[in-house]
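Straight from TrEMBL, the features:
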DOMAIN    137-424  domain 'Sugar phosphate transporter'
TRANSMEM  133-155  transmembrane segment
TRANSMEM  167-187  transmembrane segment
TRANSMEM  199-216  transmembrane segment
TRANSMEM  254-273  transmembrane segment
TRANSMEM  279-298  transmembrane segment
TRANSMEM  310-329  transmembrane segment
TRANSMEM  349-366  transmembrane segment
TRANSMEM  387-403  transmembrane segment
TRANSMEM  409-426  transmembrane segment
Amino acid sequence: MIIELRNSEMASMAASSIAAPSSVNKGRLSSLFLSPPDRLPHRNAFFLPLKKLGSSSAVPLAKTDAGLAFSPLPLGNRSFLPTVELSTRVLGFSLSSQLVRRRPIERLVVKAAAAYEEEGHLEPAAKSFGERFPALVTGFFFFTWYCLNVIFNILNKKVYNYFPYPYFVSVVHLLVGVVYCLGSWSVGLPKRAPINKELLLVLTPVAFCHALGHVMSNVSFAAVAVSFTHTIKALEPFFSAAASQFVLGHQIPLSLWLSLMPVVLGVSMASLTELSFNWTGFISAMISNISFTYRSIYSKKAMTGMDSTNVYAYISIIALFVCIPPAILIEGPKLMQHGFSDAIAKVGLVKFLSDLFWIGMFYHLYNQVATNTLERVAPLTHAVGNVLKRVFVIGFSIVIFGNKISTQTGIGTAIAIAGVAMYSLIKANMEEQKRKAAAEAPSS
């Protein structure tokens, strides 16, 4: 007598077992049998004794060891094979008063399939391009993230040269992103995660800080050179460490505080001789740093289990509603009187609308790709990537806009970026040690 697991049962079994190797799938094994070795149903079938899966699994069957038989080819007519209903979690049957003990089916089949592949009967599954070249794919993500960020910064600054209304432009950034998210939800890419009142209350502080930080960044971009704004924003780790120490009560090691000293020194040097310096740009960038610091604090309280794409979509929607009132109150009258008409007179209606659309699209895309990129790498790589991105943006902005900087500004910017790099590396190493300690704790 032979008991057969048909393809449908194998598919259910594979779905119920997260430990199954990726190379084993229902398209490569047409059937799985429990059979004595002298009654294999197909000449190409592979027999594996149960005792090979563990000494406690060997079961006598009519004076012959039972085993798992794999058939890699269709068997044609199986009418002579009686089938039984089997649970996807437990394999159990009886034969001639011999009872085969119940055991988790996924553990049994995973071991058998692994042995089957070791015997050379199953070719390795074809790997995707990403599996074969993971470093190349990750590098492409970083390159795309940097390019999108540079394009956004360049287009954003060019718009401010003829349309200096950062509150309204901030609304456009978020509006285009929200429309993009709604369109993605409508086609199920990704599927919209449900939201309730409790989750809305959790995400609202995050969205408020995101909105304030975003608007203040744009006010700074409109007032001073892009390179200078990014230099000021290099102070963000300092504000993050201060908030962790004095707001959350976390003890910050002395090594981290020491690594932040070059950041403060470098930003101070760059600010003193920056040719485009003004207090509006400087203070706005500093408020942006504080806002994004508190956004990080509230984000830790908003760990909802929702995927990052949906979380960012909801935050963008809430932030949009936060940004609209100040844009109307602060810039609304000027826009209606001469803001829109002056911009259209300078570049034309089509280019004006096109520029607004594309800065919003690139803003959303670079943030989305940044999230996808940082999910693929370790904390250390994440830290290095963030520092290199800032260097990338500062360098390109100086080249594209031809901003003249003094020697002291250049040296100060370099010192600040070096300090951020040092801080990021120390912080990433600390996080990695915490993660390893947490992972080893249950086993010790």
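Cβ atoms are placed via backbone N, Cα and C, with glycine included.
Beyond the ends of the transmembrane segment (387-403), by six or more residues, the same chain brings 145-146, 149-150, 153-154, 157, 225-227, 230-231, 233-234, 275-276, 413, 417, 420-421, 424 to within a C-beta distance below 8 angstroms of the stretch. Tertiary proximity for the transmembrane segment (310-329) is limited to same-chain residues at least six positions away from its ends with a CB under 8 Å from its CB atoms, namely 167-168, 170-171, 174-175, 177-178, 181, 184-185, 190, 192-193, 195, 200, 203-204, 206-208, 210-212, 214-215, 302, 304, 364, 367-368, 371.
Contact between the transmembrane segment (199-216) and the transmembrane segment (349-366) does not hold: fewer than three of their C-beta pairs are under 8 Å, each pair 6 or more apart in sequence. Of the Cβ pairs linking the transmembrane segment (409-426) with the transmembrane segment (254-273) and spaced 6 or more residues apart, 3 or more are under 8 Å, so the two regions touch.
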